[in-house]
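Database features, via Swiss-Prot:
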SIGNAL    1-23  signal peptide
DISULFID  CYS33-CYS48  disulfide bond
DOMAIN    60-213  domain 'Cupin type-1'
CARBOHYD  ASN78  N-linked glycosylation site
BINDING   HIS111, HIS113, GLU118, HIS158  Mn(2+) binding site
Amino acid sequence: MASSSLFLLGALLVLASWQAIVAYDPSPLQDFCVADMNSPVRVNGFACKNPMDVSSEDFFNAAKFDMPRNTFNKLGSNVTNLNVMEFPGLNTLGISLARIDYAPMGVNPPHIHPRATELLTVLEGTLYVGFVTSNPNKLFSKVVCKGDVFVFPKAMIHFQMNLDHDKPAVAQSALSSQNPGVITIASAVFGSQPPISDDVLTKAFQVEKKLIDWLQSQFWENNY
């Protein structure tokens, strides 16, 4: 009996640990917690608005996700985020959205979302998409068309590119965090402020110092 009890206790501890590991955002402990953006309280997320002051408008956002965005930039893409910063009703719900517009041959460059898995749906056009795993860095990529869905696992480097030379493309992403965050690899490495030592980058990328200096001198434009 004692051994059975110990086995059960061990199994419960493993299950509890597993649940803690796989959880991205903390699970809500109440029906909702609309973010109070003016609260002086600092927590992991946002303090709750008084439930008595919450209305239907707190769960609505006129995002205009049906409207094309301006893709006139070096990357030829535009990401419109709808996370807790724009939509306080998402607080504690563990979800956010993004609309991604691509100019012909536009690219959403390699980046990561440190706090979220991303589920991308192609609304218009044809995209080349992919992600790279942790070491030894295997690439999983595919050409996806209108109506197709592709998932990028949490914190993996991933990208999308519009393959059409003449037509724009549009996608929409659901992300498993109210605030997924984004780190664009190229601009993070070569455009950080203050800059990373060129000695570090020269050795890391195994190229000449003048190439690193040139890369660091560029204007690294974002698409969001």
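Here the Cβ of each residue, glycine as well, is placed from N, Cα and C on the backbone.
Feature map: Swiss-Prot annotations on the structure.
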residue: CYS33; record: disulfide bond; Cβ contacts under 8 Å, 6 or more apart: PHE46, CYS48, LYS49, ASN91, THR92
residue: ASN78; record: N-linked glycosylation site; Cβ contacts under 8 Å, 6 or more apart: ARG69, ASN70, THR71, ILE100, ASP101, ASN223, TYR224
residue: HIS111; record: Mn(2+) binding site; Cβ contacts under 8 Å, 6 or more apart: ILE157, HIS158, PHE159, VAL182, ILE183, THR184, ILE185
residue: HIS113; record: Mn(2+) binding site; Cβ contacts under 8 Å, 6 or more apart: PHE152, LYS154, ALA155, LEU175, SER177, PRO180, GLY181, VAL182
residue: GLU118; record: Mn(2+) binding site; Cβ contacts under 8 Å, 6 or more apart: VAL151, PHE152, HIS158, SER173, ALA174, LEU175, SER176, PRO180
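Take the CB of CYS48 (disulfide bond) and look out to 10 A: across all protein chains shown you find 19 other CB atoms. Cβ atoms within 8 Å of the centroid of the Cβ atoms of HIS111, HIS113, GLU118, HIS158 (the Mn(2+) site) belong to the same-chain residues ILE112, ALA116, PHE131, PHE152, MET156, ILE157, PRO180, VAL182, site residues excluded. In the structure as shown, the Cβ atom of HIS158 (Mn(2+) binding site) sits within 10 Å of 23 other Cβ atoms.
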